[in-house]
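Enquirer: What follows is a single structure, and I will ask about it in a moment.
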Amino acid sequence: MIWTPLLPLLALGASAAPSIAAPKPVTIPLIRRSGLSKRAHDIEWAKKQGSSLKGKWGGGANSKRASGINELVNRGTDSSYYGSIAVGTPPVAFNVILDTGSSDLWLASSTCYTGCQGVPTFDAANSTSFKNLTTAFSIRYGSGQAAGELGSDIVQMAGFQVTGQTFALADQVSSGLLSNPISGLMGLGWSTIASSGAVPMWETLAKNNQWTDPVMSFFLTRFIDVNGARSQEPGGEFMMGGTNTQLYTGDIDYVNIPSGQESYWLIPLTSVGVNGANILGSTVNAAIDTGTTLVGGPTQSIAAIFAQIPNSQPGTGDLEGYYLYPCSTSVTVTMTFSSRTWSIDPADFMLMRSTNSMCVGAFFALDLSGSAPSWIVGDTFLKNVYSVYRYNPASIGFANLSSSALAQNALGGTLPSATVGSSPVSATSVANNGAVGTKHVATMVGVGAVGVWTGKPLEIVPGVVGQDKWCGKYYKPGLPAQPPGGSFPVPAISSKPLLRFECWPGLRPYVSDLDSTGSVLFSASVVDRTPGTLYDPLKDGTVFRISAQIDNKAVSSSLSLSSNGIIREDKFTWSKLGITPRKDVYNLTCIATSVQSGKTFQHSSTVAYLPPKPDTIGNIVQTDGRTGALLVPRGDKRVPLLPFGFYTGFGGYLDQNLTILDEIKSEGYNFVHPVPTFDNATALELVLDRMEELGLWLVYDMRWAYKNLTVVRSEVESVKKRKNILAWYTADEPDGWEDPLDAPEKAATLINELDGYHPIALVLNCQDYYFTEYTAGSQIILQDAYPIGINATWSTVWDTPCTPELGDCGCDNCQGRLEDIPDRLDQYQDRLVWQGRARDTVVWSVPQAFGGESYWSRKPTPHELALEILLAINHGGLGIMPWIDSASNPGMRSGISPLAKVVPALTPYITGGNSKISRPKVTGARRVDATTWSIGGKTLLIALNLNDASIHAQVQLHRGPTPSILFQNGAQLVKGTNKAVDIQFQPLSSIIVVL
């Protein structure tokens, strides 16, 4: 390291202290910055890319260190890829562009007074470990400058930590350099070109042997051209300390940096081929730069490239330095480093369309002088390879992308069209600042990142372009009404009695080191719809002898059962059965034999008996076979949980303020469902860490990933070590979006293969559209009927009617009443019964906690939100997850906190295995919904007034002498007889009482 005499304080250097137990490869996700849509005729965008390349490399690039100038590229769209770091004590997360063409770390300061509006900034006063180095700096770049002071602090990235890392705090920034959520730049070049004189973080870690392998590696994905796409998109992966073998195939071909030239990542370029012709006369040096969009080369060489392309022509005006060529021409360019040749896909060679027929090439004429490299090789090339940057020996390696990487990168696709992505947007889904709005809009255009905070392969989520249907129905004006199909086949009512005999395990899953014993539960009841077997009560009687086998080994042979629907249990010891734990389920077969007639009734199910939890899995969540309630660990016990927590915005909310989690905990909620995209990896890690510390359960959302099984594998492997995982969440409204019917089940199968110790959940939006297919493989089905503030018969967004065969009014086939919620819950539960899945699948509810947008003219009042929640509980909902708590939707979570705080008191009744549930008769008024749970001589009553008027009603059950009110929201008990609970209800009010 050579220290500049102008910065003597920096000679103290930086010390590396990884925050993990042992060095190992760690990855972080990359997000593409996309400040402008790369549409047809967007000449200004192309002009900026050329200016940026000139500004970064053309203005004295050979003397960066000596002059103290660090030219930063001015990126307007997918020209830059960024990841996240955390700085200070306590750590604060920031997104930074990752740039192998420079070597300094640079952040916007909280004192920034120009050019930093709306950008997350670093406040040195809030960090107890920050040191002001009192050294001024000035950075010039292609179209402006930045200025401020140098400081040092603790910097974390991908699980590693460097103390005393020098970085620049800018308080003056030229317009356009920064935009939310970008806060700065991290240079990944060598220390010899650092304008600050500091050793870059990566070099400190590599030099101090903190990595398994002394390498950094990049996988960059390609921009998807969608007009209206959000300002950031998934960009790939940056790995520190190793390579991701899932992203490349074959060997990594390393080329050494010329001896003594460890400055830029510089290697010999021996050939440039165009359609088979080599245009390079001799070997030259090329800088490999992740912070540059284009490939820049000498004017003569660039002209020679396009001379091989018929009808190409040099650009003029704003396109000076570029060449235009016919879009109908597929151009293949190759670059040879040392002896290995690599191809650039035609889709990357094409920078943009200039007209409908002419395209702009991504190679730019750039004449550099002095010791600067002749060629600058940016992301146009790097998107086609897996690139590796090795510390010792100093070298750069390339490898072919694997099939999973190619699938993400969309290589081999057609050239983007001038009209690709054009689609009306009826409402905002995810704003550029991360604020989350409505949960579904039929033609919502969005490009989302997968929630992979570990930087595993990222899925590009294309905008939904011109989707004409929602829930299988056309909704735009002028389109025809037609049956959507996919209706659930409701079984016909039988003219004769049926006996529904069932058996199922008492726990899912059993785990061998936790459960030395197991049990089988049995039930028989007389029904009028299948599943069931014809049954003659007079002939067959009401008493049955039960036998059961697991894997052909007898469990029960003497238990008797009545046809009254009461559950009986038979326990057994696993070791005596001689069954060994395994990942695959065992078959459970049961027979009920009529004591009176000898007629037999059969049923089959499965039992999961898993090996002990491996260390790679953080915890175990089981399901109570009697109630469907989740059982979670508490010390050495397992206790039932009634989950109550919001979908919670991540971008612009949780990632900006960890104290929100403390508020959530103090307000009585027991879990958090962070909503992707998770575009700040370090912030997500801090959020998940804090959730564990607070004891908040995690529902992990893979809505953008679940159709890409490679990504699902990476996400699950990365997150399953968390000790607070409650459930995996795969698909979000796949029925509305018309995702592939088998996609949720495929994802669930893989998740069970990788984990198996947690349930899998998804939410459906449609009233009746391929229910069986979309819910296959999931143990938790959520419904999200949103009836508040809608016009249920006429779409206020599309100006069309809403019928069972046409239209989208924001709540599929709803009436616009609170009753839409219990109706949907009852329908879903009936279908599970008719499928024979009700004993292993439960229904949760998503109350509407938003409004004032799109279909929903207003938000629910606190009284209405309480009714939405309690209606779901009254109708069998075993989990509550309102949409949504976010920066743009304040007050809903805190407003319902009093109800959240009584959930622990409700849990023993609602999840109690011996609790008797009933729907008591209500007199005196209509639209009063009441449910009771009785256990241990006490009864829990939840009574709700769905009328927008005051009423007086009586719930017909024994009141008892001293009722205890747990929650009242505009309702109160009045004196009455002991034979009824007399309640005075205000409009839309509720009460919870223990009798």
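Cβ atoms are placed via backbone N, Cα and C, with glycine included.
Just so you know, TrEMBL annotations never went through curation; they're auto-generated.
What TrEMBL records for 1-21 is signal peptide. Look at TrEMBL and you will find 81-399 tagged as domain 'Peptidase A1'. TrEMBL lists D99, D289 with the feature active site. TrEMBL lists C112-C116 with the feature disulfide bond.
Let's see these features in context: how buried, what's close, how far.
Expert: Per-residue pLDDT, averaged over the domain 'Peptidase A1' (81-399), rounds to 88.
Following the DSSP three-state reduction, the secondary structure of D99 (active site) is strand.
Around C112 (disulfide bond), the same-chain residues at least 6 positions away in sequence with a Cβ under 8 Å from its Cβ are V119, T121, G148, A170, D171, Q172, V173.
According to DSSP, D289 (active site) sits in a coil region rather than a helix or strand.
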Enquirer: Which residue, out of the active-site residues D99, D289, shows the minimum number of other Cβ atoms inside 10 Å of its Cβ in this structure?
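Expert: Among the active-site residues D99, D289, the sparsest Cβ neighbourhood within 10 Å belongs to D99.
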Enquirer: Taking the Cβ of C116 (disulfide bond) as the reference point, list residues of the same chain whose Cβ is under 8 angstroms away and which are at least six residues distant in sequence.
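Expert: C116 (disulfide bond) has long-range Cβ partners A108, S109, A170, D171, V173, L178.
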Enquirer: Roughly how many angstrom lie between the C-alpha atoms of D99 (active site) and D289 (active site)?
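Expert: Taking the Cα atoms only, D99 (active site) lies 7 Å from D289 (active site).
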Enquirer: Once the DSSP letters are reduced so that anything not helix or strand counts as coil, what is C116 (disulfide bond)?
Expert: coil
